[in-house]
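Visitor: Here it is, the structure in full.
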């Protein structure tokens, strides 16, 4: 038998129909739905007189547009209409929905794992680019467009071109204060925003294996920012322990049988990737983006680069335009960049471990004058747990705003935005022009780095604040 990568194993297991020179027809195990990319898809079914083929393999929630302060009032008409439409569509087509009043509501890429819907070996799709998050469980998960959402609703299948495979091997150990967010920013910073184009990435190596499931989700979440179709990590005992007793995960003997099957989901010895890249985790520092792509970043002890340092005219122009938008000058120390806003949240970094990491920095301190700081849990379950652990009170005592769950300030399509010309330390995944609001200047960082920026009013090296043992 020819050795296979885990990517090839999952793909081949789900091919319904294959024809040379054409896309494969894949079976989809889990379809996650939210209010923004689904209305037209459901309307398409309605117009054609079709039903949702597998409502039992479909799960919906409201996240992108939801208010995070007063949920009883949705002032934006577009947002209100989208949420009303999702509620109506789920009721009509029999799709389970975690609405604003549900204790299971949250960001779709947070609740999928915490409810146990996300499982190793599954094909998972959602009308959202950061569906790659679920790859942390050894699933093949990727975002799709609205027309594809309709196709999956109607057929539980999807036409897809077979991707190339890439191993991203992260060796060594991380220093205290260096997080999964720093690892993925360092990878993108080293190899670029398009090095993964046409590939599914498998993250391997000692650094990855030592990570918790929530750290692995951060890594896979930003695979798309490297241009990849998806990213995944082979499941192991960490994965199985996380899933045990989750609401929708198998129970009892069925769980043990599932684990035995999941253990086969690994890349065979001798399997050949289309490409292999390496990065030494020991060399990674806390990282801050200074530009308008996730690749435009520097270690915290670095400086804003000079456009003239770049090799090509295209690169020089891109850096020049980015610095102009960000209002930064070459040579500025990263620690001298002041922030007016801090956002701890998003599908990248809003889980309980992220909030614990940030609270550790914040405890006993106060938010700096002139800084507005928000903490937005990724789900109502995360919110409840943080409140029970006293983490929420730590943030409140420090002067942070403590919110309900939702996508919030990650994207400028709800009430939580950053004013033009102001800088935000954000634990989200994208720093494009206008991402957090028209003219907003976004710096991507880890939860610890964001928390420290809130306290000091500028970026600081969190390694000086940590006294933990090296992972």
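Quick reminder: no glycine exception, Cβ is built from N, Cα and C everywhere.
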Visitor: So Swiss-Prot lists 407, 410 for [4Fe-4S] cluster; which of 266, 347 goes with them?
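Guide: For the [4Fe-4S] cluster site that includes 407, 410, Swiss-Prot also lists 347.
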Visitor: Inside 8 A of the center formed by the CB atoms of 347, 407, 410, which other residues of the chain have their CB, for the recorded [4Fe-4S] cluster site?
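Guide: In sequence order, the nearby non-listed residues are 63, 64, 107, 109, 130, 345, 346, 348, 350, 406, 408, 411, 428, 429.
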Visitor: For residue 407 ([4Fe-4S] cluster binding site), list the number of other Cβ atoms lying within 10 Å of its Cβ atom.
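Guide: So the Cβ neighbour count for residue 407 ([4Fe-4S] cluster binding site) comes to 29.
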Visitor: List every residue in the same chain as residue 347 ([4Fe-4S] cluster binding site), at least 6 positions away in sequence, whose Cβ is under 8 Å from its Cβ.
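Guide: Set apart from residue 347 ([4Fe-4S] cluster binding site) by at least 6 residues yet with Cβ under 8 Å, we have 107, 108, 109, 110, 130, 133, 221, 378, 407, 410, 429.
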